[in-house]
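One structure is given here, and the rest of the page talks about it.
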Amino acid sequence: MELSPRAAELTNLFESRIRNFYANFQVDEIGRVVSVGDGIAQVYGLNEIQAGEMVLFANGVKGMALNLENENVGIVVFGGDTAIKEGDLVKRTGSIVDVPAGKAMLGRVVDAMGVPIDGKGALSDHEQRRVEVKAPGILERKSVHEPMQTGLKAVDSLVPIGRGQRELLIGDRQTGKTTIAIDTILNQKQINSRATSESETMYCVYVAIGQKRSTVGQLIQTLEEANALEYSILVAATASDPAPLQFLAPYSGCAMGEYFRDNGMHALIIYDDLSKQAVAYRQMSLLLRRPPGREAFPGDVFYLHSRLLERAAKRSDQTGAGSLTALPVIETQAGDVSAYIPTNVISITDGQICLETELFYRGIRPAINVGLSVSRVGSAAQLKAMKQVCGSLKLELAQYREVAAFAQFGSDLDAATQALLNRGARLTEVLKQPQYAPLPIEKQILVIYAAVNGFCDRMPLDRISQYEKAILNSVKPELLQALKGGLTNERKMELDAFLKERALALI
């Protein structure tokens, strides 16, 4: 029987359709929850999952695979686990945990997953970056050589910080650690206003770990009032957030800061504080049944912080010359810097600023212990004029502390010792500074020059702050600008005449 032309055409059409038929099925690897509790879910069936991969629970909550065992996978839940039940389906996403990054993040407050929590709507144009990446290699780095000014006289003169450095802020609770960090963010306002190009601007990322929501709210208000939020990103994993989010927040903030570092820009990141991150990680590790070590922390708690802080770096000229400067904060208990976490972080960082309760209560604020505080690489980045002025400052303060300890026992001191005590008390007074009042570097140089060269020696202690205000208000702007370039003999003569005139008015 011969087919009609129409039937033959239909047959050919069906044959070609059958040959070209391809069913595009979406295949998901799924597992089932075996047990859940305390923010940890044990899941059976996810045989191909990667370490650090994101998973999705049936109720929409996300989680991350941390323990890969023979039978089950230990997953930390990023959110409430009350709605997750035994037998629920868990789906692999195929992607490692990532967060949004880019300039669209500036001025925003986000959680540890990068989701905005400030009520200003969704994020605009941004890119996704993995939270866990390898730190830049040796050849991709350059030694620190540009200053990162905090606006604090005691820090910029004695423990200078460079762009790309890691400087630890360590001290007991309520000693002013966060204040130093916030002052540093506020000080970038006047530096950014002078920046002529994008590569000179300093962007800031503040990561709040395990803090009260009220504290974070006050912080946002402080930054908003100073117009500092426009160049800052806030990542908040507060005390009420689950431990996995407190563990993740520093890595998320670091990924956001790395966007600027890798695109030839400069960023400052503050982790406030890493003690709480270590506690959150200990909680997760113990619930995942990992073996505990010293102080019940898991064996890899050093790696927890080292892999985070190594990502702060100054990039080489070939890779864009960007930088990421880190100011991690560690809270000590009763001044014990030899505990496990403090010693770990001290050994990882490029120096530390030690704050003491006793100094704080004596009214020396910022309460920096100059003897214990060091900056291992920052001096290479210090301005020439500041170096010239501060040469004798640290030595004189060290001699003062030594003599002051003995002076308590007797009053019959010779003239040289009396002069040393007198000078030391005035230098200590000059280094005091109110909170949220950072000073530009040229003004710091002027004030410290006056103190080091004896212009305050005959002045009563209670008049020193008055003298400081007087010289800062009446100095010529061109002389201030000239100070940045260094101290020549002509400038010294001009400065001496000006400072002497102002000092005589107050003695």
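Here the Cβ of each residue, glycine as well, is placed from N, Cα and C on the backbone.
The ATP binding site annotation in Swiss-Prot covers G171, D172, R173, Q174, T175, G176, K177, T178 and rests on similarity to another entry. Note: T175 (ATP binding site) has non-local neighbours L355, E356, T357, F360, A367, i.e. same-chain residues 6+ apart with C-beta under 8 A of its own C-beta.
Neighbours of S373 (site 'Required for activity'), defined as other CB atoms within 10 A of its CB across all chains, total 21. Feature annotation from Swiss-Prot assigns site 'Required for activity' to S373.
In this structure, the binding-site residues under consideration are G171, D172, R173, Q174, and the one with the smallest number of other Cβ atoms within 10 Å of its Cβ is R173. When the binding-site residues G176, K177, T178 are scored by other C-beta atoms within 10 Å, K177 scores highest. Under DSSP, Q174 (ATP binding site) is assigned to coil, being neither helix nor strand in the three-state scheme.
Excluding G171, D172, R173, Q174, T175, G176, K177, T178 themselves, the residues of that chain whose CB lies within 8 A of the CB mean position for the ATP site are, in sequence, E331, L355, T357, F360, A367. Distance between Cα atoms for S373 (site 'Required for activity') and R173 (ATP binding site): 17 Å, as a whole number.
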